[in-house]
């Protein structure tokens, strides 16, 4: 009987020891998990802070000389552009030209679009005016008019813009090109989705043509 009681006591002691070990292991795991969570949150906040600081202090893009002219020509297109006046800015910056702002400060797409020329009223009235209001011009008049026009230095830069564009397109223009390509891709996908499932035949079937011929005869 004494041996059985001793064995029972020893088994109960072992069970208590195992319970103590389990509780100790759980108590040590909880602070470890909390420390890992704190480290993870700190790393995320540090990454967000570094990304924001990089965006805030990143170097601004500048354009000068031929690259500025090529970019203006690409952005404005057929409208043309001017260098001195700027209708979209405040009076403080109205005296500055596009060269001073884009070459020495910073240049973005919105600033370039403000220097695009607007179509004049005369060009708009030509499309609505009747044909009799415009007198016909002879070939000699056209030749003399073309001969007397003077080309400025900006026109010469525009003619030579193809050679300068080979050096690379600025990031502002690349972003606009990518946006236009994405719009074209979306339009093509919508056209494919809205395509009709069935198309009606243009010509009549053969049996209808054969039946219509003897009726005419």
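Note that Cβ sites are derived from N, Cα and C of the backbone, with glycine treated the same way.
What Swiss-Prot records for this protein:
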SIGNAL    1-56  signal peptide
REGION    57-83  region 'B'
DISULFID  64-103  disulfide bond
DISULFID  76-116  disulfide bond
SITE      79  site 'Important for interaction with integrin'
SITE      89  site 'Important for interaction with integrin'
SITE      92  site 'Important for interaction with integrin'
SITE      93  site 'Important for interaction with integrin'
DISULFID  102-107  disulfide bond
REGION    118-123  region 'D'
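For the pair residue 76 (disulfide bond) and residue 103 (disulfide bond), the Cα-Cα distance reads 18 Å. Restricting the disulfide-bonded residues 64, 102, 103, 107, 116 to those with a CA within 10 Å of the CA of residue 79 (site 'Important for interaction with integrin') leaves 116, listed by sequence position. Note: the Cα of residue 116 (disulfide bond) and the Cα of residue 107 (disulfide bond) are spaced 14 Å from each other. Most Cβ neighbours within 10 Å among the disulfide-bonded residues 64, 76, 102: this distinction goes to 102.
DSSP states for the region 'B' (57-83), grouped as helix (H, G, I), strand (E, B) and coil, give 15 helix, 1 strand, 11 coil.
In the three-state DSSP reading, residue 116 (disulfide bond) counts as strand.
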